[in-house]
Amino acid sequence: MGIKFTKMHGLGNDFIVLDGVNQSIQLTVEQIQKLANRHTGIGFDQCLLIESSQTEGIDFNYRIFNADGQEVGQCGNGARCIALFARYYGLTAKNKLTVATKTTLMDLIINEDNSVSVNMGVPRLAPGEIPLLADRQSPEYSLELNNGNTVNLHAISVGNPHAVLLVENIDTAPVNSLGQQISFHPQFPEQVNVGFMQIVNHEKINLRVYERGCGETIACGSGAVAAAAIARLFYNLSDKITVHLPGGDLCIQWPCPTAPIILTGPAAFVYEGTLLS
């Protein structure tokens, strides 16, 4: 008998979701890489695994694997899918869940319209918490690239590391070429997700994201949170920001720098299947 899976997406950021509560699942890095292949596998940006938790106050463990097979600590779009998955398949009857990832705890609320709000915690700017190799915390950092040029960027952690660059037009931003250079830069010892942010007005930004281990995706929840936090902190944007990504819009609310930042958006089921090998 193979492993049952469900294909889901959040604004086109696509996943396979695996029920590790009712199935015994142990996937290797190589197996995840094969499944992620869009020609010879299923194809996805991340593989999400929900497991039982033995810790009081935590409903489930939420594990996230990038397409390269590496486990990471945060995925906001995936969290929305996990919440709907858990309720749809009867793993819980609750509308408010707490899940534990590799690096953090997340509170998830299923709203009446089936959108999901995700408490992404308080963003962190200290270099050691991102992690970023830097002598001191700064609003902006300069990175020297392989070609000798330098690029200025902001750096932040929202449960996973993000670099955010301000650009005039995201349509012409070199997301893949520059994003890859920054993602693998030695100053980011765990690699980094790279957001290219265009400010539209006081309440809206446009965003494209190069995700570590995936490349550019058409939506990135944690990337939207990171960019909105940077926009609020350093560019005086509103405490409620609409982030427009190629896959659609997310709403980010952050009342003050010491409060948790909240991500709200949709999640969708696509199909069910069985992994045969």
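Keep in mind that glycine also has a Cβ here, set from the backbone N, Cα and C atoms.
Quick look at what Swiss-Prot annotates:
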- Cys75: active site, proton donor (ACT_SITE)
- Cys220: active site, proton acceptor (ACT_SITE)
- Asn13, Gln46, Asn66, Gly76, Asn77, Asn160, Asn193, Glu211, Arg212, Gly221, Ser222: substrate binding site (BINDING)
- Tyr271: site 'Important for dimerization' (SITE)
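Known features from Swiss-Prot, placed on the structure.
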| residue | record | contacts (Cβ under 8 Å, 6+ apart) |
| --- | --- | --- |
| Asn13 | substrate binding site | Asp45, Gln46, Asn77, Gly78, Thr217, Ile218, Ala219, Cys220, Gly221, Gly247 |
| Asn66 | substrate binding site | Asp45, Gln46, Val72, Glu211, Arg212, Gly213, Cys214 |
| Cys75 | active site, proton donor | Gln46, Leu48, Ile64, Asn160, Gly221, Ser222 |
| Asn193 | substrate binding site | Asn160, Pro161, His162, Ala163, Ser183, Val209, Tyr210, Glu211, Arg212, Cys220, Ser222, Gly223, Ala226 |
| Tyr271 | site 'Important for dimerization' | Thr6, Lys7 |
(Q) Other residues near the substrate site, CB within 8 A of the CB centroid of Asn13, Gln46, Asn66, Gly76, Asn77, Asn160, Asn193, Glu211, Arg212, Gly221, Ser222? (A) Asp45, Ile64, Val72, Gln74, Cys75, Gly78, Val209, Cys214, Thr217, Cys220, Gly223
Q | Mapped DSSP class for Tyr271 (site 'Important for dimerization'), helix or strand or coil | A | strand
Q: List nothing but the one residue from Asn77, Arg212, Cys220, Ser222 whose Cβ has the fewest other Cβ atoms within 10 Å; the candidates are the recorded positions.
A: Arg212
Q) Is Cys75 (active site, proton donor) helix, strand or coil when read with DSSP? A) coil
